[in-house]
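Structure, as structure tokens:
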Amino acid sequence: MICIFLFLGFYMQYQTTIAAIATPPGRGGVGVIRLSGPKASLIAEHLTAKTLPAARMAGFRQFYDAEGLVMDEGLVLYFPNPNSFTGEDVVELQGHGGPVIQNALLERLFELGAKAAKAGEFSMRAFENGKLDLVQAEAIADLIDATSQAAARSAVRSLQGAFSLRINQVLEKLIHLRLHVEAAIDFPEEEIDFLADGKILALLDDVRDSVQQVQTSARQGQLLREGLQVVIAGKPNAGKSSLLNALAGNERAIVTDIAGTTRDVLHERISLNGLPITLTDTAGLRETGDIVEKEGIRRAIKEIEQADLLLLVYDLSEGADPLALAQEYFAEHLEPRRLILIGNKCDLMTGHPELAQYQNFRHVTVSAKMDMGVQALIDAITAHAGFQPEEDTFIARTRHLDAMKRTQLHLHEAREQLVVFHAGELVAESLRLAQNALSEITGEFSADDLLGKIFGSFCIGK
């Protein structure tokens, strides 16, 4: 009975015809409304009082309201199933881009039987109809949201199937391995020894290496998509705001000789060597009785706790231990992988040391005001993040890396069961779980709530 209800729900969903504005809100020369579903062509013909133009050919039409009055005019394109984005009948109406006329046209389509599309519903239908896998569907949203040329190019590669191909190649190896293991379990009379010839162990290690290679590439794609949260911290007048301006390439923050000028956090989106960065300037860390400045310091510490990377700026001319401030305010977050020490105002020093390391921490000497050493700092930031994108880098998300991490965990368990315990059934179960985890990436094995969360983050018209 449950299966019948699930089938009916799926059937009813795709018997509806959906409509949405596909262009951004606001005024524009052209506004596009998209229809998809079994009644798309019928609804469009009622709207235009004419038959549709030939498939994939633009035709000029007038759009009529319920009283027969012309609401707008423009182009109509018809994409019959299955040769459309969604795999269903799709009609695109290209009229004028004013919000009033676009909303009026959309309301008219609803009167004619269309339903309002949910966020990401067009892409969801494309996924369900086999036009896209989950990685390609996500790449559409990533291409729209790309903040750099490199991110856009990587999103296009994922949309074209580069990431999916890598995952599917690993899955083929994993399925091949499972077949060998299952054969050894199902035909015990053949007395197949799991370790006799080392073949299964070699296949398992090959799969693990393949997953690791994809993980390395995906990490670069994740950095391109999600970027790095970088926080600048230090004492008042250490040159934090000057450093933000130098990295951003403009005077974003106010710079004065008065200590405590910066009292709130200041965020700036920039790109360093192609790596998207959210750069945050913070209030100077010191003891103060000023209530407003105290609140700024509290917010600064909160930003420090959440940062991917912290740039701790200190004044070289003071000769102080740069780590003393860190020990006082955020000792629990004092990790070499999250911290770069910045010795600033080197232009005021004669014969200043070019330190590359201070204790266990990376160190860079700069003059933010004079733009000395800034490129070396930029290189240090991207190197610290492990950012080394290749020409074939594809876009990736945190959930992809999480799925691969779980895949590796199950493969490690399978190896342990194989080598230590010779437990064939447990090896097979771990390999099954590894395949399920890896299949989540392309959507071959995905829970409904995961799909809803992914497509729910899309634009309405996608």
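Cβ coordinates are placed from backbone N, Cα and C, and glycine is handled just like the others.
In Swiss-Prot this protein carries:
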BINDING   Arg34, Glu92, Lys131, Lys462  (6S)-5-formyl-5,6,7,8-tetrahydrofolate binding site
BINDING   Asn237, Thr256, Ile258, Thr261  K(+) binding site
BINDING   237-242, 256-262, 281-284  GTP binding site
BINDING   Ser241, Thr262  Mg(2+) binding site
DOMAIN    227-386  domain 'TrmE-type G'
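Considering only the binding-site residues Asn237, Ser241, the Cβ with the fewest other Cβ atoms within 10 Å is that of Asn237. Spacing of Glu92 ((6S)-5-formyl-5,6,7,8-tetrahydrofolate binding site) relative to Ser241 (Mg(2+) binding site) is 49 Å (Cα to Cα, whole number).
Separating the Cα atoms of Lys131 ((6S)-5-formyl-5,6,7,8-tetrahydrofolate binding site) and Ser241 (Mg(2+) binding site) is a whole-number distance of 49 Å.
Listed in sequence order, the residues of the same chain lying 6 or more apart from Arg34 ((6S)-5-formyl-5,6,7,8-tetrahydrofolate binding site) and placing their CB within less than 8 Å of its CB are Ala19, Ala20, Ile21, Ala22, Val90, Val91, Glu92, Leu93, Ala117, Phe122, Gly461. The two recorded residues Asn237 (K(+) binding site) and Ala283 (GTP binding site) have their Cα atoms spaced 10 Å from each other. The predicted model assigns the domain 'TrmE-type G' (227-386) a mean pLDDT of 85.
Glu92 ((6S)-5-formyl-5,6,7,8-tetrahydrofolate binding site) falls within a strand when secondary structure is assigned with DSSP.
Between the listed binding-site residues, namely Glu92, Lys131, Lys240, Ala283, the fewest other CB atoms within 10 angstroms of a CB are found at Lys131. Between the C-alpha atoms of Ser241 (Mg(2+) binding site) and Ala283 (GTP binding site), the distance comes to 9 Å.
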